[in-house]
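Data first, discussion second: the structure below is written as structure tokens.
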Amino acid sequence: MTQPNNYKIGTNVIHAGQSADKNTGAVIVPISLSTTFLQPSPGVLHSEYDYSRSGNPTRKAFEECIAACENAKYALSFASGLATLTTITHLLKSGDEVISIDDVYGGTRRYFTRVAANFDLKFSFVDLSTLDDLKNAFTDKTRLVWIETPTNPLLKVADIKAVADYVHSRGATLVVDNTFMSPYFQNPLDLGADIVMHSVTKYINGHSDCVMGVLATNNDELYAKLKFLQNSIGAVPSPFDCFLALRGLKTLHVRMEAHQKNAFAICNFLEKHPKVERVIYPGLPSHPQHEICKRQMKGYGGMVVFFVKGSIDQSRSFLENIKLFALAESLGGVESLIELPSVMTHASVPAEERAKLGISDTLIRLSVGIEDINDLLADISQALDKC
């Protein structure tokens, strides 16, 4: 369990869960690659570790750091964001029902509908920008509510506190995927969520060189169940990946401010461009849930969505002519990324569902990096001129 402290997140990302190595004095947490640990006598542990799937010193340091950043008692890390999702889903039993926000990451929807549904779990996808659809979807069998806020890719925002209050009144558990905001800009546990999770691959690691996931909670019972599942399922990250994530985490506060600064500048440019139909960003007053954003977030992040005028031909032309923005899936790295969700991250979502959600062929998603803003704006401008 992580002990609470009074430090700000900019201090916790550097120090929480970490101390100088007792043997060498090294100020950086070592990469503990050993798969097994010495027992001085049969069944007697030399330390808290016996086998690296069950527990690892490098992994523990990362988990304690995340817990401190999310104002949580506990954190558990996994081999990917989807491994985190899979482990959480194992809290359920046959016949249980799950409500998910409709505009959810394509991989999450794919797992829910094409994998977990085969184990007699029922999933419904609803718009959670208001509580009406949530209340209508709830049944006596609803055990879990899963939200992303902001969502991927349309950046819709749910009122975490309002959702948590209703979910708890019905005896269910609320999970919030906080990947887009990171612990720096949003802390869902403080707003009533039972579990917060992240794809560490994104902003927490921040360097596009590590695939990992993590969850945090303040609930003792949930932690005990999830810790058992972490060990039993075994979808744990390698010590080296934990080291990379811990290293990336140290600059989270600096990076997130830079992402946000560049995102605002790009939004201001796009809103005035004649070839852009619409811009979506939580920090813009035009965002439908901007007031909720101001209430529950400390900032607005680096994800920007905009619609080009025309058809998929204009989208393809723009994306083929962009230079600094890498045309690639994923997000949250220091480098700027760009993608077309309808044929990339959300291609697994049926076309009729994409149309219903508003994920059109002219919707372009930006993961705004921390490069020089003038270079990024010049790149966007020249690509738009050619589409």
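A Cβ is built for glycine as well, from the same backbone N, Cα and C atoms used for every other residue.
Keep in mind the model is a prediction, meaning the values are calculated, not measured.
Sequence-distant neighbours of E329 (substrate binding site) (same chain, six or more apart, CB under 8 Å from its CB) are L337, E339, M344, T345, listed in sequence order. Marked as substrate binding site by Swiss-Prot: R53, Y105, R110, E329.
Look at K202 (N6-(pyridoxal phosphate)lysine): DSSP puts it in coil. K202 (N6-(pyridoxal phosphate)lysine) has a Cβ environment of 22 other Cβ atoms inside 10 Å. Residues or ranges marked as N6-(pyridoxal phosphate)lysine in Swiss-Prot: K202.
On the backbone, the CA of K202 (N6-(pyridoxal phosphate)lysine) and the CA of Y105 (substrate binding site) stand 13 Å apart. The number of other CB atoms found within 10 A of the CB of Y105 (substrate binding site), across every protein chain shown, is 24. Across R53, Y105, R110, E329, which the record gives as binding substrate, the greatest C-alpha separation is 29 Å.
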